[in-house]
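This report refers to the structure that appears directly beneath it.
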Amino acid sequence: MRTLWIVAVCLMGVEGHLTQFGDMINKKTGTFGLLSYVYYGCYCGLGGKGKPQDATDRCCFVHDCCYGTVNGCDPKLSTYSYSFQNGDIVCGDDDPCLRAVCECDRVAAICFGENMNTYDTKYMLHSLFDCMEESEKC
């Protein structure tokens, strides 16, 4: 519980994109958004290496790969526009870079929702020492 409190305090100052991504995750999973995924497995959170631990972690791996294809803005800092329409996430930017970032986040949030049955608390706050296998290519 103390660890979740520390993570929550660290995220309180987060503006823009991470807040938006967390909102998408919350809507698609009914969880606490980023708090549920920030240090999950080998790929959720900052960085990533090794082999994804399960389908949920693979969502983060694919998300990292998606960010790697974005050109023209910083995916982790860019603020984009989106809405929820009939339960679907709709990205609304005309700017191609912002739209691409939104699409990466949209696909990841949907992936989390579709793979909630693989979410395993043993991978929360997962040590990167357990992620030493050779990383897959995007």
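Note: Cβ is positioned from N, Cα and C throughout, glycine not excepted.
Taken straight from Swiss-Prot:
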type     : residues                   : note
SIGNAL   : 1-16                       : signal peptide
DISULFID : CYS42-CYS131               : disulfide bond
BINDING  : TYR43, GLY45, GLY47, ASP64 : Ca(2+) binding site
DISULFID : CYS44-CYS60                : disulfide bond
DISULFID : CYS59-CYS111               : disulfide bond
ACT_SITE : HIS63                      : active site
DISULFID : CYS65-CYS138               : disulfide bond
DISULFID : CYS66-CYS104               : disulfide bond
DISULFID : CYS73-CYS97                : disulfide bond
DISULFID : CYS91-CYS102               : disulfide bond
ACT_SITE : ASP105                     : active site
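Shown on the structure are the features that Swiss-Prot records.
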residue	record	contacts (Cβ under 8 Å, 6+ apart)
CYS42	disulfide bond	GLY48, LYS49, GLY50, LYS51, PRO52, GLN53, ASP57, PHE61, HIS126, LEU128, ASP130, CYS131
TYR43	Ca(2+) binding site	PRO52, ASP57, ARG58, CYS60, PHE61, HIS63, ASP64
CYS44	disulfide bond	TYR37, VAL38, THR56, ASP57, CYS59, CYS60
CYS65	disulfide bond	CYS138
CYS66	disulfide bond	GLU103, CYS104, VAL107, ALA108
CYS73	disulfide bond	ASP95, CYS97, LEU98, VAL101
CYS91	disulfide bond	TYR80, SER81, TYR82, ARG99, CYS102, GLU103, ARG106
*Please name the residue among the disulfide-bonded residues CYS97, CYS102, CYS104, CYS111 whose C-beta has the most neighbouring C-beta atoms within 10 angstroms.*
CYS102
*Identify, among the binding-site residues GLY45, GLY47, the residue whose Cβ has the fewest other Cβ atoms within 10 Å in this structure.*
GLY47
*Which of these recorded positions has the least crowded Cβ, counting other Cβ atoms within 10 Å: ASP64, ASP105?*
ASP64
*Considering the disulfide-bonded residues CYS59, CYS60, CYS131, which residue's Cβ sits among the greatest number of other Cβ atoms within 10 Å?*
CYS59
*Starting from the Cβ of HIS63 (active site), draw a 10 Å sphere and report how many other Cβ atoms land inside it.*
23
_Residues within 8 Å of the TYR43, GLY45, GLY47, ASP64 Cβ centre (excluding the Ca(2+) site residues themselves)_ = CYS42, CYS44, LEU46, GLY48, LYS49, CYS60, PHE61
_Cβ packing number for CYS138 (disulfide bond), 10 Å threshold_ = 11
_Cα-Cα, whole number of Å: ASP105 (active site) versus CYS111 (disulfide bond)?_
10
